[in-house]
Amino acid sequence: MSVSLSRLERQLGYTFKDQELMVLALTHRSFAGRNNERLEFLGDAILNFVAGEALFDRFPLAREGQLSRLRARLVKGETLAVLARGFDLGDYLRLGSGELKSGGFRRESILADALEALIGAIYLDAGMEVARERVLAWLAGEFEGLTLVDTNKDPKTRLQEFLQSRGCELPRYEVVDIQGEPHCRTFFVECEVVLLNEKSRGQGVSRRIAEQVAAAAALIALGVENGND
C-alpha cells in the first residue's frame, strides 16, 4: 500500500478524521495484526439497510420479494468489486505476502469485502447520514438501471444472484428420481444450498422445470421470498 491514501479519499469522496480506521478497513486478514473483518460485518449491514431503504422509497408498489431481488443485485460481490476497481482499491490493500503474490489485490471477494469495510469505517468516523450519502453516491449508476423488470427472472437465476451477493457457493442440483413412461415422465430434483441444513425439492415434467421448482423452494426456505411473489 504505497500509494497515498489522500488519493483514495478523493476517489471515495470522503476524508477520514481518523486515518487509522481507513487503514484498518484496507487490511486483509492475511496481513499480520488486526484486520478489516469486523468493519466488513458492520459495513455489510449498513449497505443492506441503505440499499433496502432506497429501494423501498423508489419502488412504492414493489412486493417484498421484488425488493429483495433488486437489493441482491445491488449488493452482490460482483457489483461491489466493480465499484472497488473504479476506486483502484487494490492499490491500497494491505495483504499478507502469500495473498499478494497470488494476486489477491485483484480478487473479487477481497475487493468487495474491503469496500464494505470502508462503509463501516465511514459510519464509525462520521455517522449514519454520511455513510448513507456515500453509499447512495457510489451506487447511483446501479440505481439508474434498475426496474421491476429485473425481478422477472426465473427462480434459479434469483437463487444464484442471492447466493453470490452473500459470497456463498452456487447451489447444486441433483436428479434423485425419474418416474413414469418415457412420453410422460416426472423428474424429482434436490437442490443443495450451503446456507440451508436441508435440501429443497422440486418436481416437474422436465429436469429444467424440476430445478426451477427446487430453486423456488430454496428461496422460500432462505426467507428471501414468501411464495406469494
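Heads up, residue numbers simply count up from 1 along the chain you see.
In case you wondered, yes, glycine gets a Cβ from its N, Cα and C as well.
Annotation source Swiss-Prot lists domain 'RNase III' at 5-127.
Annotation note: Glu40 (Mg(2+) binding site) sits in a helical segment as assigned by DSSP. Per Swiss-Prot, the feature Mg(2+) binding site maps to Glu40, Asp113, Glu116.
If you look up Swiss-Prot, you'll see Asp44 (among others) marked as active site.
Summarising the annotation, Swiss-Prot assigns active site to Glu116 (among others) and lists sequence analysis as the type of evidence. The Cβ neighbour count for Glu116 (Mg(2+) binding site), using a 10 Å radius and every protein chain shown, is 26.
What Swiss-Prot lists as domain 'DRBM' is 154-224.
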Pairwise Cα distance for Glu116 (Mg(2+) binding site)/Asp44 (active site) [Å, integer]: 6
PLDDT averaged over every residue in the domain 'RNase III' (5-127): 90
For the domain 'DRBM' (154-224), the number of residues DSSP places in helix, strand and coil: 26 helix, 20 strand, 25 coil
Packing count at Glu40 (Mg(2+) binding site) (other Cβ atoms within 10 Å of its Cβ): 22
